[in-house]
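Notes follow once the structure below has been shown.
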Amino acid sequence: MGKSVVKRIGVLTGGGDAPGLNAVIRAVVKTAIREYGMNVVGFENGFGGLIKNQARELTEFDVIGILPRGGTILGTTNRDNPFHYPVIKGDKKIFADVSDRVFENISIHGIEALVVIGGDGSLAIGKELNDQGLKVVGVPKTIDNDLSATDQTFGFDTALATATEAIDKLHTTAESHHRVMVLELMGRYAGWIALAAGLAGGADVILIPEIPYNIDVVVEKINARSQERKKFSIVVVAEGAKPLGGEMVVSKHVEDSFDPVRLGGVGNVVAQAIESATDKETRVTVLGHLQRGGSPTAYDRILATRYGTGAVNLAAEGKFGRMVCLKGQNIESVPLEQAVGELHTVPVNGELIKVARQLGICLGD
Ligand code: F6P
């Protein structure tokens, strides 16, 4: 059995779900128990469980069969920030720092270190708790792949596979009906899912937030394809894509969420503009939360498992305030402040963009 400076750890999943969360939980539980003889407590529904003391002991029995399952057996939320928590005062809702409740519950359960599996919002809360004395280890999760301190987040590969399959399926209708098929994909302020799926699925136009688009350039591309006897086009649009000099399309504001802005709707905007400027029938598909669902790919299962084991190893070694990350082929770690620093967006002069341009894919500029 390996040596560990802690004997009882907590784990929670925060923010939007992503394929591979259960694989991380499984690896955390198995490594903690088998390798270090630790006990593991799972907090339910993200930081909500820490605030409201909703927790349960996790044994190896609890993680049987969860490796291929999407979602998270612990539940999650992108609300319930303990430093900005809605409380009713009189007849008014105000936001208060309730982090003392977190420390109370941590001590009730005798937790010596906490594994936070989350994206930038959850990891930022994890960092703040760590700064206040809780020993935190982070695991980078998000389908958006937008964390700069790791080469890849788990969840991205599965979302990419789902998006690519969607493009393959849209191709058949596009070709049969000689239509333009527009596919809107997730990714928030980063175009990774759209760019990678567009390349993997053979899209003709890919619009991402990092490269503001000119709709005339898109229309030109579709008309040029018609003249080359290619009577259909596939247009992939990241939800954060925006026109030159314009803004992203916001679908709603979710009060109390770590990041209240929800993007969505740009697919329709682009499709309408294409249909009115060409003679092409155009249809829109918004893939939405299908990208977050389903069984993780083999790649994501392995990455998630390596992250889960790596996080427990960090805790055992007493390396707190850090997040596991992928650097090249290796699992390493970085301080949490680096993990929640800058967003990892698509480099506009990067190799993938160059490849797309060399293939003649229109990027809207
Ligand atoms: O961050 C993951 C993500 O799926 C984004 O791609 C998307 O913009 C957002 O979450 C959707 O959030 P919600 O599930 O709250 O609608």
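Keep in mind that glycine also has a Cβ here, set from the backbone N, Cα and C atoms.
What TrEMBL says about a protein is an automatic prediction, not a curated fact.
Among the features that TrEMBL reports, domain 'Phosphofructokinase' is placed at 8-314. The ATP binding site annotation in TrEMBL covers Gly16, Arg79, Asp80, Gly119, Asp120, Gly121, Ser122. Annotated Mg(2+) binding site per TrEMBL: Asp120, in sequence order. Feature annotation from TrEMBL assigns site 'Important for substrate specificity' to Gly121. The substrate binding site annotation in TrEMBL covers Thr142, Ile143, Asp144, Arg179, Met186, Gly187, Arg188, Glu239, Arg283, His289, Leu290, Gln291, Arg292. As annotated by TrEMBL, active site, proton acceptor applies to Asp144.
Ligand 1 lies within reach of Thr142, Asp144, Met186 from the binding-site residues Gly121, Thr142, Asp144, Met186, judged by a C-beta closer than 6 angstroms to any of its atoms.
For Arg292 (substrate binding site), other Cβ atoms within 10 Å of its Cβ number 20. Across the residues annotated as binding substrate (Thr142, Ile143, Asp144, Arg179, Met186, Gly187, Arg188, Glu239, Arg283, His289, Leu290, Gln291, Arg292), the two Cα atoms farthest apart lie 33 Å from each other.
Under the three-state DSSP scheme, Arg283 (substrate binding site) falls in the strand class.
Listed in sequence order, Gly14, Gly15, Gly16, Pro140, Lys141, Thr142, Asp144, Asp146, Leu147, Thr153 are the same-chain residues six or more apart from Gly119 (ATP binding site) with CB atoms under 8 A from its CB.
Here the Cα atom of Asp120 (ATP binding site) is found 12 Å from that of Arg188 (substrate binding site).
Over all protein chains present, the Cβ of Asp80 (ATP binding site) has 23 other Cβ atoms lying within 10 Å.
DSSP classifies Ser122 (ATP binding site) as helix under the three-state reduction. Per-site Cβ counts within 10 Å over the binding-site residues Asp120, Asp144 peak at Asp144. Per-site Cβ counts within 10 Å over the binding-site residues Arg79, Arg188, Arg283 peak at Arg188. Note on proximity: of the binding-site residues Arg283, Leu290, Arg292, the one nearest Asp80 (ATP binding site) is Arg292, by Cα distance. Under DSSP, Gly16 (ATP binding site) is assigned to coil, being neither helix nor strand in the three-state scheme. Here Arg292 (substrate binding site) is positioned 18 angstrom away from Arg79 (ATP binding site), judged by their C-alpha atoms. When other Cβ atoms within 10 Å of the Cβ of Gly121 (ATP binding site) are tallied across all protein chains shown, the result is 21.
The two recorded residues, Gly121 (ATP binding site) and Arg292 (substrate binding site), show a Cα separation of 17 Å.
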